[in-house]
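A.B. asks: Have a look at this one.
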Amino acid sequence: MKKFFISVVFIVLLTFTTFINSATAAKLDDNVRTLPLNEDKEVVLTIKEYTQGKREFTNVCSQCHVGGITKTNPDVSLDPETLALAYPARDNIEGLIDYMQNPTTYDGFIEISEFHPSIKSADIYPEMRNLTEDDLYAIAGYILVQPKVLGKQWGGGKIFR
């Protein structure tokens, strides 16, 4: 009886996992995953990169940026408009990677690596130590896909939840 119960639970979990992954893949078609690489080029994020970005964002970034908001400064979120108005613009993959490597204030004038987790400050923020270039690319891609999936809920704060 115990083996039967374990088998049933395993089959249910396997079916549920397969269904969830299929649903995620269906929502994230090529159009949703097409993102600006920089000011001139676009790229299509793979499902694998999206999944990797989601995992790394959840593990490293979500303690301050859950749902695309910024807990320490709610005026500066990860929504597309806010990212586009930053200087330099952070509404593309290369811009976000640059920020994760060397963060600056919203106007771009002051370096803030000792206050914001980054690759440059990995000695202060150990969660950044093991992130590779591929991880940064995936995180940036995840950040840029989320507004297409969640709309104004991403970075919109309490009012949109």
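Any Cβ shown, glycine's included, is placed from N, Cα and C.
So Swiss-Prot has the following annotated:
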type: SIGNAL; residues: 1-25; note: signal peptide
type: BINDING; residues: Cys61, Cys64, His65, His116; note: heme c binding site
A.B. asks: Going by DSSP, is Cys61 (heme c binding site) part of a helix, a strand, or coil?
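C.D. replies: SS state of Cys61 (heme c binding site) = helix.
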A.B. asks: Given a 10 Å Cβ-Cβ cut-off, pick out the one of the binding-site residues Cys61, Cys64 that has the most other Cβ atoms nearby.
C.D. replies: Cys61
A.B. asks: Between the two most separated Cα atoms in Cys61, Cys64, His65, His116, the residues recorded as binding heme c, what distance in Å do you get?
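C.D. replies: Greatest Cα-Cα span of the listed binding residues: 12 Å.
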A.B. asks: Among His65, His116, the binding-site residues in question, whose Cβ has the most other Cβ atoms within 10 Å in this structure?
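C.D. replies: It comes out as His116.
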A.B. asks: Setting Cys61, Cys64, His65, His116 aside, what same-chain residues sit with their Cβ within 8 Å of the center of the Cβ atoms that define the heme c site, listed in sequence order?
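C.D. replies: Apart from the listed residues, the neighbours are Ser62, Gln63, Thr70, Lys71, Pro117.
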